[in-house]
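Peer 1: The structure follows.
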Amino acid sequence: MSEVIVAARGVEVTLGGVPVLRNAGFTAAAGEIVAVLGENGAGKSTLLRCLAGLHPPLRGRIDVLGGPPVDAAVFWRRVALVGDEPAWYPGLSVQEHLELAGVVHPGGRLTVGAALEVFALDGRADMSPLTLSTGQRQRLSLAMALLRPSRLLLLDEPERGLDTAFRARLAEILTGYADEGGTVVMATHDLTLATATRARLVTLEAAS
Amino acid sequence: MNPARAYLRSRRGRPMTWSDRYAMAFGAGLAVVVVGQWAATAVRGLAIGVDAAGLGPVLALAAVSYAGYLAVARALGPVVLPAADAAWLVLSPLPRRSVLGRSAAVLLVLALGGGAALGLAVLSAFGAPDGLILRLAAALVLGAGATVGGMAVAVLAQASHSWDVLLQVVIAGTVLAAVLVAVLGGGAGRQALLAVAGAPAAAAVAAAGPVAAVACALAHRAWTTLDRIPARAILGSSARTGRVASAAVTMDPGALTWAVEDEHWRGRVLGSRPWPRLAGRKALALAWQDWRRIGRRPGRLAVLAGAAVLPAVAAQAAGGMSAMPAGVLLAGTLAAAAMCTTGARRDAADPALARLLAVDRRALAAARALLPALLAAAWSALALAGLAAAGALSGGAWWLLGPATAPACAAASLRMAGRPPVDHSLPVIDTPVGALPAGPLIWAVTGADLALLGCLPALVALTAPASPPGSSLIVQALTAAAVLTAFLLRQGRSGRESAT
């Protein structure tokens, strides 16, 4: 049996007294892709934040890679999170952001050149990320997460801003990551992307 | 009034009542009384001879203020509109001058007010031993001419690249003149400045005429250019000013600096260079981002180097070494260190990239302290050498205090970089100097507290510079090293606290 990477049981979260998650839970094994679906406000992003150790649940238990998630460097060396657009380091180009990820995480999955090509950013390598379009910046976020080695990938709406053609390519990239033994948990509204990655679907119901 | 504005005004809430008019008139009257009292006192104080010692520093300060006025006008627009007007009126068939006319009128009033203040400041340095009314009138006309003309050039620069280049040359020239006056005003240039101060009042009046004529011509040209200012320039400057206004309303200077920083890099082609291979030094590799950024903004380093004369200027103005020049020295050193902590600030505001890069927090803080410490040491040493050259410090290698204070300033700058936005929910505290809001106060002292604590031995030695700084130097170096060490240890602990 594959190693369990994520195990969430009976997770309950309230925000400002309003229940956001009620009795949510699932498990994800090594090499598996899990797509968390649900309408707006169902708690998909909140569940991902709980898995990343950024939001403690009111009740329930979460284990990631054999223990509770912690917001510390030792955890983030094994887990990569792509959520809202990050604040880019000023003065660095697209390529230099990728180089930085490669230097800080030696033994990466991709070279910088390959990442630029795979994520269709090679024509924008010398530009500031602020100059890119929304979809290109999302590709850069994904490239930084997928260039480095990790065992778990947490993606919050990875399809945000991406064109249809690149969504198909993203499905291939994520499938390749899972084939190497990595686990992907993604919150998404794109059922086509979830299906293309052969993801196991977990649907959240609105808690209130 | 253009029809759109007339419509908007007609829909803007209730009409003005007599009570509103009374409040407005009372406020205006009160302002006239307060400002008039201050102006009358200032004018009475002008009827004296020139203060030879303070002439150079005051003129340098006036020149720097004028350069700052032009730089702010250029950075903000200067022609801007409220967000709603920018969104709806600029991209409409209305004549652009009628849309921008009110903004232009506000700029003219601001320029006239600034010009009066500038003229009075310069006249207070030169003094008016005779012909007070003539000299005062000439100073006001010259000041207003400079500010109105400068604002007109800034408006023209908004519409034309060649005027923008001219404006940048004027700003750079004014800063250069300020530095020359500050450096030479106390020595070789003092006679020249005294000769200008001793010129008859008629000469000032004669100079005021051409200046006023040129200012009027520039203002007229700027007014006719309002129709041709491109929409993109108005929209861009209005968005920038909106961010400034928002930062001012929420009292969050951090938001303002990010707006300026992002504006600088947006649209630039940077020319990627390979990242240095620092085997096993992940923290240093991540901290290298600040080195690369500062290397790509050499202009800032040049301005920083030029600003090293300010403590010497302050010492000249204060008549020797005292708390004021020491404070300027500490503030400058802290500013030099804080200039290169954007990586830490970015990660504090949004830790998404820091999580993706997953570097140990304490090791990263230590690596990020290197560049601020280096810049603080260099700037402080330069400024102390300037103080010694100006005669404010004597009898020893005072410049060594610069490197000795640098670790404390590096720790302070990183503490500033990590502070959260102003917490406006905190209460207002009653103090002997009045009510102070706790949120902005805590925000302002976070970081400065470490600098003050870590540089205390140097500050004590500088405010009473009777002997060479030998023993103070050792105490200062040990104190600064202790402050940095404690800060780094605290970083590691707070990292573990947030992890649990």
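Glycine is treated like the rest: Cβ placed from N, Cα and C.
Pulled these from TrEMBL:
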TRANSMEM  B:21-40  transmembrane segment
TRANSMEM  B:52-72  transmembrane segment
TRANSMEM  B:104-126  transmembrane segment
TRANSMEM  B:132-156  transmembrane segment
TRANSMEM  B:165-186  transmembrane segment
TRANSMEM  B:192-219  transmembrane segment
TRANSMEM  B:301-318  transmembrane segment
TRANSMEM  B:324-344  transmembrane segment
TRANSMEM  B:365-390  transmembrane segment
TRANSMEM  B:438-464  transmembrane segment
TRANSMEM  B:470-489  transmembrane segment
Peer 1: With an 8 Å cut-off on Cβ pairs and a sequence gap of 6 or more, do the transmembrane segment (B:365-390) and the transmembrane segment (B:324-344) reach 3 or more such pairs?
Peer 2: yes
Peer 1: Restricting to CB pairs under 8 Å, which listed stretch, B:104-126, B:132-156, B:301-318, is in contact most with the transmembrane segment (B:324-344)?
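Peer 2: Between the candidates B:104-126, B:132-156, B:301-318, the best contact partner of the transmembrane segment (B:324-344) is B:301-318.
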Peer 1: Ranking B:132-156, B:165-186, B:192-219, B:438-464 by Cβ pairs under 8 Å to the transmembrane segment (B:301-318), which is first?
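Peer 2: Maximum Cβ contact count belongs to B:165-186.
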Peer 1: Against which stretches of its own chain does the transmembrane segment (B:52-72) lie, if we need a Cβ under 8 Å and a gap of at least six residues from its ends?
Peer 2: 114, 118, 121-122, 124-126, 146-147, 150, 153-154, 167, 170-171, 174-175, 177-179, 181-182, 184-186, 189-190, 193-194, 197, 313-314, 316-317, 319
Peer 1: Restricting to CB pairs under 8 Å, which listed stretch, B:21-40, B:104-126, B:132-156, B:192-219, is in contact most with the transmembrane segment (B:165-186)?
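Peer 2: By Cβ pairs under 8 Å, B:132-156 leads among B:21-40, B:104-126, B:132-156, B:192-219.
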Peer 1: Please give the sequence-distant neighbours of the transmembrane segment (B:104-126): residues at least 6 beyond its ends with Cβ less than 8 Å from one of its Cβ atoms.
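Peer 2: The answer is 39, 42-43, 45-46, 50-51, 54-55, 58-59, 61-62, 65-66, 69, 78-79, 135-136, 139-148, 150-151, 155, 196-197, 219, 222-223, 226.
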